[in-house]
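Comments concern the structure below.
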Amino acid sequence: MNLFKQKVTYYYDEEFGTFNYSTTHPMKPLRVAITDDLVGHYGLKQYMNCIVQDQSFVQTYIKRVDEDVLTQFHSEEYIDLIKIITPENKCQHEDQLYRFNFMEDCPVLDRLFDFCLCQTSGSVGAACVIADQKSNIAINWSGGLHHAKQSEASGFCYVNDCVLGILELLKTYQRVLYIDIDIHHGDGVEEAFYLTDRVMTCSFHKFKEYFPGTGHIDDIGHDKGKYYAVNFPLNEGLNDDSIQLIFKPVIDSIMENFRPDVVMLQGGTDSLSGDRLGCFNLSIKGHGSCTEYLKKFNVPIIMVGGGGYTLRNVPRCWTYETSLALNVPIPDNIPDESDYKVYFGPEYQITFTNLQYGGIEFKGIFREKHILDNLKQIQPGCAQIDHYAIGKESRQKVDYQELFSSYNDKREEMQLEQNQDQQD
């Protein structure tokens, strides 16, 4: 049986919805289970390859995501801790927990290693599907945990599935574009690829007095990676009109100058209006307009999740964007058959109109010009590798450990250069 009959591939593991950070923690894996429920009851699965339903795919791609895959980016010592730590034995590992930043934001979950494998399998599996030309779009709403560092948990994130998915893509593709529309800066992904010209990271995020505090407009990459990190810092109140004013010209310039072979879109929904931790003013359609715009370039796309802390809004957005990926319109009313319909009252609709912040104090024209000028500094499609072929048999093993290590070695040098540039 050939599973891959559709242009869009969708990943969801039923186990994911059973994980729990804590009753008071804002991160709720249940939001992905509710998304899957809506996707199913809207009848969207019939138009997609649902990869966890096919055992041959699971055995080929998902089951091979193990400790060896995680340590392609993360340190072995860090993953070793994730494998053994539990809420019951965490008192025995206090020094390591402190060292690896397991604080209030990143508590020790029950079955933490399984959680990391479940989340990462979708992004690495999506990368394999794209690399094997099985689909044009692959979706993993359980992924997008973009803050995790090589040896550090951060911002509710333990394992950086975005980085691991991109590493898988680099075994086949020359150039990968990572776009982040989460309200928080995609610092973990940017840091991982800060020194290479094969991955361009582009983040639109709230800046100043906001976690993680990185993503200055002058953070543009270093060495071979100079100009390959793009940061668009924003103030609170970003609305639908503003996101299009800044998103389209920046993406147009990236597509013209970088010419990516494949795109990963991190679609964190904490940029929606009314988010528990956010302060932007995007509607669901405004958020989805970024997905719509990317599709016009006819470049393969991996869509992953990310932040989003108002439980009733996250599934709305990701279900709507799944329909956009499929070009299948869905009715606004939540299906009566949904097991979670009660979450969406009193309006019981996919879209919402509770926009609550005023207009953005918009300085985008200056920032946009600054970014576009930087993008003109790169040679179109300049990154080259010796071996370039499609298909899993032809993939090379990509070892970026030396690159990741050199980033830490050069951190002080980069900071000095940045301070000098700002003074100039």
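Don't overthink the numbers, they just go from 1 along the chain as shown.
Cβ from N, Cα, C; glycine included.
For HIS147, the entry in TrEMBL reads active site, proton acceptor. As annotated by TrEMBL, substrate binding site applies to ASP105, GLY155, TYR309. What TrEMBL lists as divalent metal cation binding site is ASP182, HIS184, ASP270. Taken from TrEMBL, the feature domain 'Histone deacetylase' covers 25-323.
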Listed recorded positions among ASP105, HIS147, GLY155 whose Cα sits within 10 Å of ASP270 (divalent metal cation binding site): none
ASP182 (divalent metal cation binding site) and TYR309 (substrate binding site), distance between Cα atoms, whole Å: 12
Cα within 10 Å of the residue listed as 'active site, proton acceptor' - qualifying binding-site residues among ASP105, GLY155, ASP182: GLY155
Sorted by sequence, non-ASP182, HIS184, ASP270 residues with Cβ within 8 Å of centre, divalent metal cation: ILE183, HIS205, LYS206, GLY268, SER271, LEU277, GLY278, GLY306, GLY307, GLY308
Listed in sequence order, residues with CB under 8 A of GLY155 (substrate binding site) and six or more positions away: ASP105, CYS106, HIS147, HIS184, PHE211, PRO212
Additional residues surrounding substrate, by Cβ distance to the ASP105, GLY155, TYR309 centre under 8 Å: PRO26, MET27, HIS147, PHE156, CYS157, HIS184, PHE211, LEU277, GLY307
Intrachain C-beta neighbours of ASP182 (divalent metal cation binding site), sequence separation six or more, cut-off 8 angstroms: GLY144, HIS146, SER203, HIS205, GLN266, GLY267, GLY268, ASP270, SER271, GLY306, GLY307
Candidates ASP105, ASP270: member of the binding-site residues with the richest Cβ shell (10 Å): ASP270
